């Protein structure tokens, strides 16, 4: 009995250990997937992970629809925010929250000054004003009333000072300075009567056509020294001087010598480059000798039987081969010869 209980408990523990091991669970899942019916997988194949979820009865989440819904919600919030900002700007200047219910002191001061001016006008106007006074604008009336009310003795003192200044000016003008009297007594210069010069009537001239006619009708001018008998021309006029010709010839000879003495990289030791004119001359001689040897060889009979004819034929063939080898050598662009 005890042994059976221990066996059962051991099996339960081992089964729980298997369930807790992730590797074992993955192996079990693979075996279950591989042990499924092949006919079912062929008839109704699962469409990826979402198909497996739908087969298990789980709800498949539509991420595309949720993203569209989130974008529409963000768009709606942005439109509401823009509408609120437009309303704020259309109302005018914004105020801080702590100053929303506070009235402007500037407006209060302006209204108080306007009421005070109206009240003072009513007090200062007990009589009927004249028509000229009524025709004055309101700001001028207020300015006059302000001067009447506020200046007081200062205005009276300024008025007296202006009257005294006017009297002094009258006395000064009544007794002018002697220099001014002297200038007034001097006679003035008579005015000059100038007469404007009358301009001649303008005539329209076609300067372009006039210049063309002058150029076409003008005779060609002869330059100094164009004639053959001109004293400015000498016998060798237009010819290269002799000293320049000699100098050019000297340069050419020096260049040839320099080319001959120029060390060639491909030239072996103890040898020198054959001049080009000598190479061409040697090549010409070889070609002529080759032609003569071929003609002599072709003039021999086809069947050579005697010993003398055989020796001659062999000698001509050897000479022809030697000439052909020499022609190949001298046909090269560079030919090196021994210095000895």
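Placement of Cβ uses the backbone N, Cα and C atoms for every residue, glycine included.
Unlike curated entries, TrEMBL annotations are predicted automatically.
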Match it up for me: which of 1-25, 26-50 does TrEMBL list as region 'Disordered'?
1-25
If TrEMBL is the reference, give me the range from 168-203, 204-239 marked as region 'Disordered'.
168-203
